[in-house]
Amino acid sequence: MSSKNTLTDAIKEDHQEMYEYYDNYKKAAGDSDAQARWARQLTWEIARHAVGEEIVVYPLMEKHMGQEGIKLANQDREDHQQVKEQLYQLESLTAGTNDYDALMTRVMAHLRQHNDSEETQDLPQLEPALGQEGSQQAAASFTRTKKFAPTRPHPSAPNKPPAETLVGFLALPIDKLKDMFTKFPTEEMKKVAEQDQE
């Protein structure tokens, strides 16, 4: 992502990645190993994205959009909480099973509605308040924050800074350790998925 991208560009890029990972999960039907890998990649992206928004974007909405920003940010946090709880439930299920598929479908349905709301309501109201330079700075901060965000859902963690920031930093090493022993899509799987999308 270019440093000239706006906050909306950064958020939409993440949303698109989520949809692509889910599409790859669905295309892998019948191959539980591949489905587990794509589901893990999707969860990894959602977890980092959610924390980035909660630490960077929602405080900006509250600061620049008044009561409407507070209302929208609180609704977004509630949406994130629901998705975090569902993703946490996924960890106890086996990829490729009917229960797993049904829960994954619910996660994505809720996530699409939430993402659409951000793209059509939240960001169009926030961008003018930030201005071009402020939006680019917010995008850079959002991207940077994701590098230090937990990579797994933590539904019992706080969802507002500064408590979320502290808990996130404490959870990150444990998440990274778990990630070392988790299978993600291989480079070959990613190349095949890219070719399928072209």
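Heads up, the Cβ atoms here are built off N, Cα and C, so glycines get one too.
Taken verbatim from TrEMBL:
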{"type": "DOMAIN", "residues": "7-126", "note": "domain 'Hemerythrin-like'"}
{"type": "REGION", "residues": "131-165", "note": "region 'Disordered'"}
{"type": "COMPBIAS", "residues": "133-143", "note": "compositional bias 'Polar residues'"}
{"type": "COMPBIAS", "residues": "152-161", "note": "compositional bias 'Pro residues'"}
Given a Cβ distance threshold of under 8 angstroms, which distant residues of the chain, six or more beyond its ends, lie next to the compositional bias 'Polar residues' (133-143)?
1, 3-11, 52-53, 56-57, 60, 127
Going by DSSP assignments with H, G and I as helix and E and B as strand, what are the residue counts for the compositional bias 'Polar residues' (133-143)?
11 helix, 0 strand, 0 coil
For a three-state summary based on DSSP, what are the helix, strand and coil counts in the domain 'Hemerythrin-like' (7-126)?
108 helix, 0 strand, 12 coil
